[in-house]
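**Q** Annotation source TrEMBL lists domain 'UDENN' at 13-442. The region 'Disordered' annotation in TrEMBL covers 769-792. Per TrEMBL, the feature repeat 'WD' maps to 900-939, 940-980, 985-1022, 1023-1062, 1063-1095.
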Amino acid sequence: MAPIFEYFVVCGLGPEIRTLDGNKGYHGVGVLYLPSMLDQYPPENHTLYPPPPPQLPTCVLPAGVEIFSTGFDVNDPSSSPRSYPIVLTEGDGSKIYVSCIAFRDPVSEDIAEAYRIPPNSFADKCICLVSRSPSFTVIRNTLEELFALCFSSDGSSKPLWDVIAHLVSNVPLPTPGRDRVLFAIENCLLSVDPPPKNGLPHVDISFQPLVQCLDVDNLIELFTAVLLERRILLRSNKYSLLTIVSEAICHLIYPFRWQHVYIPSLFFSGVDYIDAPTPYMMGLHSGVDTSYLVMDGVVVVDLEYNRISTSEEIPPIPEPEFSSLRMDILKLLHPKVVGIDQIKTSPAGSSEQWAIPCNQPWGEEQDLQLRLIFLRFFASILGGYRNFIEDSAAQAFNNQAFLKKRSRSTHQPPDAMVSQFLDTHGFLDFLERAGSLEESDSNLLDKLQDAIGRGQNPMSILPSSATEPEIVTISDPNGGESRSGAKYIYDRFPSNIRTEEQEEKRKQILAAASGAFEYIKNAPRVECCYSSGTVLNDSNHMQAERERMVLDIKVKLQGLWLRLLKLGATDDPLSSFEYGTILALIESDAEGIGGSGFVECISEHIHTGWQCQLTDEQFIAVKELLKTAIILATSRNDMSTVRDALEVSAEMYRKDNNNVPDFVQRHLMSLSIWEELRFWEGFFDYLMERSSDKSANYAAQVTSQLILVASHMAGLGISDTDAWYMIETISEKNNIGYKQLIQLRGFLTHIQQLRVGYWGVSSVKAPSISSMGLSSPRPKDGTDENQQPAEASVVGRSWVQSMFSRDSSRVNSFARVRKWTSDGASEDSSAAGQKKLQTNVRVLRGHNGAVTALHCVTRREVWDLVGDREDAGFFISGSTDCMVKIWDPSIRGSELRATLEGHKRTVRAISSDRGKVVSGSDDQTVIVWDKQTTQLLEELKGHEAQVSCVRMLSGERVLTAAHDGTVKMWDVRTDTCVATVGRCSSAVLCMEYDDSTGILAAAGRDAVANVWDIRAGKQMHKLSGHTKWIRSVRMVGDTLITGSDDWTARVWSVSRGTCDAVLACHAGPILCVEYSAADRGIITGSTDGLLRFWEHDEGGVKCLRNDTIHSASILSINAGEHWLGVGAADNSMSLFNRPQGSGSKLPGWQLYRTPQKMVAMVRCVASDLERKRICSGGRNGVLRLWEATINI
């Protein structure tokens, strides 16, 4: 039988002291220090046991270690020992259950001496029992008996670590439904009861704290939020309460399982995880400040004050299930929780059971009844679900048919709550398990539905416990009194016996700390008091510490990588927790451990036999992560990581609509590192060193490696001309012959023709080959030679001629290939389309939270006909700090014009007219302000969810849209809602209105673009075609353009209600679309960082070119008659100009200028094309205003 206890661990103040901020050394009382793992059994050198989780010390002492001048004081409740459980989740989703006792223990003498800590000081220490079984009671009882034995005045008959070793090594986990295990600690007998077999999952906690902390309505709301997989944050001042409530609610959703991030007790330094975009359930001590976090959509559950708050609506449980569930729970409710964190045994060893007052006794029977109440709820709301399970690759469950059947039986429209629940990971996981033979026999939901249908008692589905379990007694052969009758009495928790290596390592760390202290103390009179041995030891310790850190990061990356590969078709990859965490590890590490570790994880996975095929969702995430890793590695001159990333990108692929592999490598073409000749020279040298065929002819070896280099160049989309220049340069340096050059030229031409034949020319420097806006790249037989640009003609001409051609035009074509030299040669200043401009970038500070809304006041909206309106050109920003700020760029150094206060939650949308500013917020209100006096004029209330869009109209009207699916029109003069002019089936994310015609278009999460004629009071069209959320709309005249998460943009006719074109060449969700009325051109921006320019042609809509100057998601595109402003999420901006043309055809957009990039995470961008200004709002609350002073 497997052991019930996996580890015994002691955590506390280790030999290397660091503050939570990372500062080394002792910094006084009242400062919090990082906890370390001090002792463990089995020992770390035991080969049969895996090491305990590396994050264990931080999790069991989440607040850190504090040093005190006194120990336990009966008159000071804060000094009493605290007992609490925690639960850890590993990368594969399995749980580790830990029981902890935290107490004050004397600081070790050698540590106190090395760091000059005052004598007789005490520090937080935590002893832990780690188990894979959720047997909270027996783990806690065992740990408390060990704690009592340690500090008992009667002493122990054996050394304490011998008792611990016996428990961990010999106490087994009982066989389910059969065994009861008895074991003893000194004179105390303990038992491990057998978990049930084929019944409800084993749970060894009481559900009473859950129903005492939350009233019935809040309990049901929390249950619904968990069921719908929202982001949930529990708050309490008791660690044990956080874990108990988290575990209890997870058991109440049986037979479903929580499928996402699960951290019941979050360590203080991990508070930033709360902003993770994917579902999670976390618990955080109420003493931790979270006011600076965004927390959009987070369901915050305050267990101390019975309060739940969230910015996003949680759909209610439908009737009649809600009333039935509420009535059943009311019968079991009892009031408050007392003594949750109190340990039942005092340090002196007395056993005093803390009483928990309640109106009625609560025991296991009540726990069982509560679980059956929720199981009956599932049996009711999912009645007949098995009839709708489908065994097909397209879908596992027929949601629509089930909802229609339920709607007919309840005589109500389809329920939003049930509809959302059917799309959750938990429900899909349940369907997979329900279909397996192993799970089908123990499916209590099916059994309960059958029992209810036959009129049987629901308790009949549970197995009977008529047979008594078999008693298994674990005895200690070395137990009892020692031969000498000696007793072991301790004044502190003892340390385990260390090996010579461990002791030597500890001495080295403390000697280094002591030497550093002496050096600081004597620095004025002694040049150096380090001995060479001390310096060497400190260096060795730092190297060992770095190796541990590297290993920890790589272990985390491996788990996250495997979970990233499990993203399904319904997941948003760029919002997933896995993507966000890997990105944070890559970006936050100055040494590049995160980036190189991520690439290494992929490489190791490939070597294990992984087929390297990705879904579309996984493809997006992997591509963006590799881009970031390569960009940061390039900035560190870490060419080995760039090289490894290049190789793994050539292995991973997805299948396009023609079932042709589309490799990740092709989507990295925008990175500037591929233009570096020296990179390819270094890559070639690496391939030569790695070559296994050392005995081959040198020329043949060089040729084979250059063929591999050429393959990567073609895979990246480097033009034939550029690629051949670099290959020819490397060939000449290695003195290969004429025949090998011909062979290389032929191979390069061949693979370039294959690539161009399918994908077209994709140069980052020249306009791309014209391709139709279809759902996939053109097939091989669709090549039109007449459409090939000049660059593509190099592929078709004689490769012998191109190889020996030495004309000046060819030399000039390589002027842009930068020489990677130490003195930083400047780029060619005469590049086409570029002009030397004076630029000015200003940083505007004023917000205390992330900037979430940004609006530019244009001359048109303030009717500035003669240029006398001073507010034309103002920028207005909104933030998570609930503030709206008005900025005047014309006053340098004093740009902040006014601060508007009134909202209670994050500001999401802003608009204005001549005299007013209007803003919408997560607090479900719309506020109208006077622009001159900054006074709050009206507060418009009526939406039932966060407001996402606002638009100020003529005639003192305001148009608003919200996540409740409604679009409302308000009269500012009367402070009333004139009408709800539109209704969508889900949240509205974007809106367009033509004030001249009265046509309104709105779209969002239902993937439908709705068009209304407000003046006629009717809906014109429901434009269906997109398969995922619509993020942006643009309407000009009769043309409506929509951009969606399904990677496509669509062009619609407003009058006909038809789709005229599908623009589908992006490799990620399309976040913004723009229409240029002058030439009927369309511009689209996506998360793939590409800016695509489209034009109408006789055959439809064609992509004229791609611009890859941005490396992150395009957030904003604003087009005027002659100017185009673009902003991206990486804080990069660009300004395009279209010269005035004399012919019938307007000239195309030319890149005019991009400012020097400043590293920041941008959430919104606004452009003032009339004054050549672009402003970005960052997550750090800073606005960056770029102004290009251009003479037209």
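In case you wondered, yes, glycine gets a Cβ from its N, Cα and C as well.
No curator has checked TrEMBL annotations; they are predicted automatically.
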**Q** Run through the repeat 'WD' (940-980) and tell me, per DSSP, how many residues are helix, strand and coil.
**A** 0 helix, 26 strand, 15 coil
**Q** Do you know the DSSP helix, strand and coil residue counts for the repeat 'WD' (900-939)?
**A** 0 helix, 24 strand, 16 coil
**Q** List the helix, strand and coil residue totals of the repeat 'WD' (1063-1095) as derived from DSSP.
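**A** Summed by class, the stretch gives 0 helix, 19 strand, 14 coil.
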**Q** Hey, which bits of the same chain come close to the repeat 'WD' (940-980), Cβ under 8 Å, at least six residues off its ends?
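**A** For the repeat 'WD' (940-980), the list is 311-313, 861, 905-906, 908-913, 916, 918-928, 986-991, 993, 995, 1000, 1002, 1004, 1006, 1012, 1014.
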**Q** What does DSSP give as the helix, strand and coil breakdown of the repeat 'WD' (1023-1062)?
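**A** Going through the repeat 'WD' (1023-1062) residue by residue, I get 0 helix, 25 strand, 15 coil.
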**Q** Could you give the number of helix, strand and coil residues in the repeat 'WD' (985-1022) as assigned by DSSP?
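**A** When I sort the residues of the repeat 'WD' (985-1022) into the three classes, I find 0 helix, 24 strand, 14 coil.
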